[in-house]
């Protein structure tokens, strides 16, 4: 029997760990009847049916009906059997001696190809070795329930909607773990979840800091060059943990005592990071839009649901049904407006003015209501801060500008004279003088007719 060592390559399409595999076989050629067989040696835990791949038979060489002969076999050649290509690498000593005795020149032997996935499985498993010079039990028994407490802030005001938030950093001496807790203030609008980072060991320097994802924290000692220790937490200096830079500004008395005994640091500062009160922002009303009274429009800026402006109830009760009436003429360049007369009514309860024009027969002008009850602003007052006409502005000879129309006060009724005498302090000397002249003209005797 002639024996040849060969292999064939098989594609793997349903695996992410291997794309192809190399399968090693033995090809046997039986000289007594020119039959052949292909046997694959068993590989432990391969998961592939192995053993006899092709049973003993005469194997076809081509489509013309020829069969493989021992003269067709040699080292370093490929033979195709039932669609599979086998590469012959070497043969045993008997086969080499037989073929050379028959005058066949053998090719030099080749190297058997190795399966990459099988070689990967032969690698030794990753072993985790605990340093022998570190006693975790002793550290646990010595520093049990001893925790360093640091007070820190995270300033995120440079980003959009960022703010300055306070945290408490706990460093557990028993196992060198770190925990970060958030300090919540009343009505801060945040969900009540105080723990920002669970208790765990924090890596300071990683082996592959560029390729290692920052969000993955399941790391071992072989992937970390240096861990955070108690000496890395220094009051008054920033500390970067998981991409956030915390500024440590204070610590508790136990931490101060520990740093003094352990590291000889006795002057840990206490930095004031309290928020400075911002100067009050001056509230300014937007410009008046021209709709409705100014006081009514301003209510939209004070409350979300606007309400009617408050009225002076005492003033309305004291001056109820008190009306000051004046007789005025329209100052106009048109000759048809010279004879027009108007009655001004000033309501003391609401400081509103109404104007009525008595109808004149055959004048060509329809009389009646000229202006309904409203507050009239002075011509030189601003739109946002209007100044309204008051009773002190109405006297004989005064000019009243009502929305671009100028009126001259000609006369008053008797109630206005009494009101001005009782409230003389509100009127100017010019107004009081006009009333005195009005009273003198009324009391003067009429001229005798001849």
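Positions of Cβ are set from backbone N, Cα and C atoms, glycine also.
Remember, TrEMBL labels are computer predictions, not curated facts.
Residues or ranges marked as domain 'DM10' by TrEMBL: 1-103 (among others). Helix, strand and coil counts from DSSP across the domain 'DM10' (1-103) read 12 helix, 48 strand, 43 coil.
The domain 'DM10' annotation in TrEMBL covers 144-263 (among others). The residues of the domain 'DM10' (144-263), classed with DSSP into helix (H, G, I), strand (E, B) and coil, number 16 helix, 50 strand, 54 coil.
If you look up TrEMBL, you'll see 320-424 (among others) marked as domain 'DM10'.
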Helix, strand and coil counts within the domain 'DM10' (320-424) (DSSP): 16 helix, 42 strand, 47 coil
Within the predicted model, mean pLDDT of the domain 'DM10' (320-424): 88
